[in-house]
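Quick look at what TrEMBL annotates:
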- Glu70, Asp88, Asp91, Asp215: Mg(2+) 1 binding site (BINDING)
- Ile90: Mg(2+) 2 binding site (BINDING)
Amino acid sequence: MTADWNELKNQAVKWMDEAGKMLKESLSHHLQVDKKSDPNDLVTEMDYKVERFLNEKINDTYPGHLVLGEEETGTNIESTDGVLWIIDPIDGTTNFVHQKFNFAISVAVVENGVGKVGVIYNVMHDEWYTAVEGEGAYLNESQLPEVTPVDLPEAVIGLNGRWLAREKRRDERSLHRMVRKSRSVRSYGSAAIELAYVASGRLDSYMSFSLSPWDYAAGLVLLKEVGVTATDFKGEPPSYLQSSTVLVARPGLHNQLLHYVHDHEGFQE
Ligand code: 2AM
Ligand code: CA
Ligand code: CA
Ligand code: CA
């Protein structure tokens with residue numbers, strides 16, 4: 001029996017709204033901030049708290065479903081068989097800590113490897129990006145239109161400057177060359193928000209050299225509904241279980257950008 005994806009989406013929105021209130025409330029207190037493997041990779045007590053909260057709600061309501069989360073949930077999951085929730089309790093933790101805005105909660109539901117529901121909640125802007133497979137994508141109450149083709153000289157690209165800073169190559173296929181040919185670049189510090197921005201036309205493309213399924217799973221569901229092409233740097237669909245490169249762009253532009261990132265190597269620490 002297939003689930004009622006709309007009902008499940010509404011359930012997810014309700015829990016994410018509660019989690020969002022917890023996050024907003026926490027901003028007025030002192031927060032415990034720790035570093036993960038890399039000193040610039042932060043995690044707070046609220047990342048764990050929201051992930052546990054959502055995991056508990058999902059387990060109580062949908063006991064047969066599996067949950068994969070960034071911080072500690074579902075580390076043993078090796079297959080996308082059945083119904084899998086993929087959650088990022090805070091996407092943009094650096095923004096959460098330093099800026100106290102531009103962070104999101106990202107929740108996706110995947111059935112047998114197919115994205116069914118995607119919700120990205122930009123907490124401080126109170127913006128809800130939601131999609132159910134085959135039923136279109138929405139920003140709050142408004143349905144998002146299909147995207148149209150665009151060329152690089154008219155395109156604004158979401159790109160983290162760190163990748164540019166680390167690039168050694170300066171040839172015709174370098175990122176530097178790509179940036180110079182584009183209209184402009186932006187960096188918001190939250191992959192989920194940047195993917196939602198491509199879905200809603202605020203960006204024409206977003207790319208990253210290293211993301212995990214919880215960063216992009218919900219975004220992939222939204223982007224498919226509006227006709228944005230979403231692949232890894234080889235042109236294949238990004239994995240729901242493993243880390244991946246990610247290139248999303250409006251039609252036409254996607255192929256032009258693939259030229260720059262395909263087989264891209266030559267970074268320095
Ligand atoms: P996070 O805040 O959930 O960790 C920042 O450019 C974006 O990249 C955020 O969406 C961030 O998600 C994600 N990201 C993925 N891997 C990261 C890492 N190792 N360090 C910092 N941000 C990372
Ligand atoms: Ca993180
Ligand atoms: Ca993330
Ligand atoms: Ca996170």
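Each residue, glycine too, has its Cβ placed from N, Cα and C.
Same-chain residues with CB within 8 A of the center of the Glu70, Asp88, Asp91, Asp215 CB atoms, the Mg(2+) 1 site residues themselves not counted, are Ile87, Pro89, Ile90, Ser106, Ala191, Ala192, Ser212, Trp214. Non-local neighbourhood of Ile90 (Mg(2+) 2 binding site): Leu23, Thr44, Met46, Asp47, Val50, Phe96, Phe103, Ala104, Ile105, each in the same chain, at least six residues away, with C-beta under 8 Å from its C-beta. In this structure, Asp215 (Mg(2+) 1 binding site) is part of a helix by DSSP.
Comparing Cβ neighbour counts within 10 Å across the binding-site residues Asp88, Asp215, the minimum falls on Asp215. Checking the binding-site residues Asp88, Ile90, Asp91, Asp215 against ligand 3, the ones with a C-beta less than 6 Å from an atom of that molecule are Asp88, Asp91, Asp215. Counting every protein chain shown, the number of other Cβ atoms lying within 10 Å of the Cβ of Asp91 (Mg(2+) 1 binding site) is 30.
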